[in-house]
Amino acid sequence: MTQKIAVLPGDGIGPEIVEQAVRVLQALNLPLELQEAKVGGAAFDAFEHPLPPATLGLAKSSHAVLFGAVGDWKYDSLPREFRPEQAILGLRRALGLFANLRPAILYPELASASSLKPEIVAGLDIIIIRELTGDIYFGTPRGVRSAPDGVFSGEREGYDTMRYAESEVRRIAHVGFETARKRNKKLCSVDKANVLETSQFWRDIVIEVAREYPDVELSHMYVDNAAMQLVRNPRQFDVIVTGNLFGDILSDEAAMLTGSIGMLPSASLNASGQGLYEPSHGSAPDIAGQGIANPLATILSAAMLLRYSLNQPAQADRIEAAVRKVLAQGLRTADIHEAGTTKVSTSQMGDAVLKALA
């Protein structure tokens, strides 16, 4: 059966890095139908909207979406609803993407590029699972008003609402436990249950779900301690599951442990396994068109696409092994280049991965 992939390169370095990931997917000779469409600023320029109906329709009808990056300074003056970044939010809503998976893997060859000492991060291989659709980012009511009470009653105040429904917590908890079950059977749930009612509710539900996974070791950690432990002893973790706000912060922190955000893929999944796959980095308009962007995060995102949405784990393993081989050969794009290694361009890195696949 042919499986359809929506290819959305986007802005900045997006087209350059997605091109290399597409080359890798095509080299596998799988029955894939790759259809490309505009998104973000590129879509606004062409259709006056960052997520045109045709692009959204393609994404909905596909088994998975391979996404590049969106955003450019030239769009900063647009009304918020027309800015490129709204495209990714719109896709998350329309596809019901609620689980964000962010691996943080330190390849041995890049240990010296990490922010931490090699002996602390050597062998790091963790995954952070972030809930995407709830929490303070989407809770209502929110806004600016005259404070109705408190010490500063009558002054202007900004306010947001942190909230989670039971079903939202249950489904992300299941993703966490299922992921842990396939790895080392350790799951750490991160919250702020000592202060927030929402977090205590989160913890209670996670504990209930844990009864269905007696083979998985569950632990809990307050988010402030988790942020510290990721720097102090990151290898104590295997799978972390947490809410939208905490996950947003912790996943970026974990990214810096690996040496370069240009190496980190991500997946966002819905209940049926349909997913959006993208590198964790942004559109980097300052280096767009120079041929120096690192395509490995996007290529690894394509591997996640094969693993989680197309049920092709063996092909995903092939891509990941090819990336490891290329790094072992000493090939580096500018962001991870250091003395004693060979600097290559975006397309040359793609060529090397293709050769390693053969």
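Each Cβ is built from the backbone N, Cα and C atoms, and glycine gets one as well.
For R92, R102, R130, D224, the entry in Swiss-Prot reads substrate binding site. Annotation source Swiss-Prot lists site 'Important for catalysis' at Y137, K192. Taken from Swiss-Prot, the feature Mg(2+) binding site covers D224, D248, D252. Residues or ranges marked as NAD(+) binding site in Swiss-Prot (evidence: sequence analysis): G282, S283, A284, P285, D286, I287, A288, G289, Q290, G291, I292, A293, N294.
Features per Swiss-Prot, on structure.
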residue : record                 : Cβ contacts under 8 Å, 6 or more apart
R92     : substrate binding site : L132, T133, S268, L276
R102    : substrate binding site : I127, I128, I129, R130, G247, S251, A254, A255, L264, S266, S280
D224    : substrate binding site : K192
D252    : Mg(2+) binding site    : none
A284    : NAD(+) binding site    : G12, I13, A69, A293
D286    : NAD(+) binding site    : none
Q290    : NAD(+) binding site    : none
I292    : NAD(+) binding site    : T333, A334, S345, T346
N294    : NAD(+) binding site    : I17, S260, G262, M263, T333, A334, D335, I336, T346, M349
Going by DSSP, is G282 (NAD(+) binding site) sitting in a helix, a strand, or coil? coil
From the recorded positions Y137, G282, A288, pick the residue whose C-alpha lies nearest to the C-alpha of D248 (Mg(2+) binding site). Y137
Can you tell which of the recorded positions (R130, K192) has the fewest other C-beta atoms within 10 angstroms of its C-beta? K192
Per DSSP, to which secondary structure element type does N294 (NAD(+) binding site) belong, with helix, strand and coil as the options? coil
DSSP-derived class (H/G/I helix, E/B strand, else coil) of Y137 (site 'Important for catalysis'): helix
Do me a favour and check the Cα-Cα span between A288 (NAD(+) binding site) and Y137 (site 'Important for catalysis'); whole Å is fine. 30
In three-state DSSP terms, the structure that R130 (substrate binding site) belongs to: strand
